[in-house]
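Presented below is the structure to which this report refers.
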């Protein structure tokens, strides 16, 4: 391992948010020319640590050194001045400006900008780091992967020596990810110290030289990447051994799907918002006992599709039919009454935080607890208690829902959605942001539903999850379906091409 | 030193809020009173304790509390559903107008039936006045704060036009409506006092509010809509219907307050029927935490302030508007304290580094 003096060193860094200990005496060094992976589950303290490095969060206790000198960042401007760059998941780019203009925005000292000179400088920089960007191109015309490289270029232009990348691959297709890794290697050769924040083990193994694992705010392990394994890292991250949930090996459904009425049929669905097409002619069937996965890069119409299929949005045109019966009235009640269990994309919009756990569990089926308008509170509480036990929710019926962790909130939603044995389950991003244990639990429950004979529609940005659970995989791209695969024939690469809207591998843009 | 943390306040801190709010309010208002050259402590003694010492003043507090409890309930019903009805004043007058229209025609009708008709007419009137803003809200998302507030003036001017036009007493020239029939007048419920049937109606309304919020499906749905309309809709609550019903019930209950003043106090409609009971209802509801027991306490408390200010102005010569200043300050301080409830007060010890 690098024996040189570290570029940046943290010593005993502690940060509290109220009673929460976000970082607990973390000591960690960052070296030039090294890719360090900061690994941990949600809430482990990765984000806080990176925000400390970038001056967005102030340290409660401990000390930070840049090139051996103690420093105290008061703002991101301080951090930038000390050579720290930060690329967040959410880009801050002006789409109507060119690449060069975006890169120098807010950085250039001189009042007069010479376009030619500017573009040459940015072009040189892009070439030096192998970013392959055209300085004169409008950012709005670029793909997500290219936009990310513009963000990296912005950081590099600030003469950064330590580059922090927050979940950089979340928005990328597998092909874009490969390209992105290429960029990281170039950065490394040029002596930049790179920190990538992630919870994907595969990426850690592929790109980093060193791994730092955080759990509950504490640094629980530091490993040289080629001396460790995914299993060991997972163990460190979660604190126990974990098993992944995978769909059972199954032969094709016994009955020919064309003969029977599908549980859910979507035909030529259209929806546009303020002139922009969000769903443009989507059609598919969902049969009993089947998990259909909808893959795609976030923002290609999946959210709108889920909103339509949960009754939150009325489509402009097209047919949605449940067990052959067409839906006329797009309200949540229609879908509830027809036996659709629904897991919303944003779980915190699926509960009312100020109401109790019991009320949130049973608000969908109050009719069963109401007589002449009077609510049978005791029956409600009893029912809630059985659901809490059945789904292992760590809460009491009268606790306010907002005091629960994300995993327990998701269990409330899961329990509510599955309580009345739905015929169709619409599961949108069911495991987003959950820890490994809760993820396995939710995925297991979804497979259980399919085994029971329900049809499960799984919409997820997590390609891995789609691949492991689905019998059939559809890919959404710019509001339409760009591919349909059965479980056996799909892999991350083929799906990735479709997610980028490319039909055939031959047409694919081969990374340089 | 003390430190504020963004975490829900513990129960003891929540319980402390009304007490602290009252304390801070009185400290702030003391400054105003000092400006008038009177001893603030004497004023507060007069306002808060003097009315409790005599039977007639104690009962007068109950008369004052009658419309305040009703407007408090009215406002709470709407606020609970996240519908900010600022129009209780106008809805109160609409209810009073309905009572003044129906009342004179009830001669010869049995008293029980007359009273029932008066209440129904007032409820219907208040609900009708609340209907337009509610529909504008749920159909076109027009901000109800603006519409309900502006409609207050519309109703006041409408009534003023009626009183100074067709209803003006031809003999005396007084701007007031024809008197309601004797059978339509609310009977007194406590001998030798002005306390009338309206108080029972108000207490019933408070009790019903508590029951609806805690024990009925509608109450749960109402709270769900108020606390998270999107999530409530996702869970199958018919949000627009809930908002419409709560807006109409709110208007109707405010209308009952108007009926009480016409049928229980004046026996006719006048332009100065309400010294702002509709607006004070907002304070009653907010200070009472939008809950039934809270509204009962805050309604009585504000009625005490109203009654006490009157006697203070008589004996100490402070302006009667002091009551308004007190109540308005109480609202602002309560709101500030409610905001504080989202935080937790903690004793932070500076730990040594290392």
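Glycine residues also receive a Cβ, built from the backbone N, Cα and C atoms like all the rest.
TrEMBL does not curate its annotations; it predicts them automatically.
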Stated TrEMBL location of transmembrane segment, expressed as one of B:218-241, B:242-265:
B:242-265
Is it true that the transmembrane segment (B:111-136) and the transmembrane segment (B:242-265) have 3 or more Cβ pairs under 8 Å, skipping pairs fewer than 6 apart in sequence?
yes
I'd like to know if the transmembrane segment (B:59-79) touches the transmembrane segment (B:242-265) in this structure, counting it as a touch only when three or more C-beta pairs sit under 8 Å and are separated by 6 or more positions.
yes
Quick check: do the transmembrane segment (B:195-213) and the transmembrane segment (B:59-79) share at least 3 Cβ pairs under 8 Å, counting only pairs 6+ apart in sequence?
yes
Please give the sequence-distant neighbours of the transmembrane segment (B:15-38): residues at least 6 beyond its ends with Cβ less than 8 Å from one of its Cβ atoms.
44, 287, 289, 298, 316-319, 322, 325-326, 329-330, 333-334, 337-338, 340-341
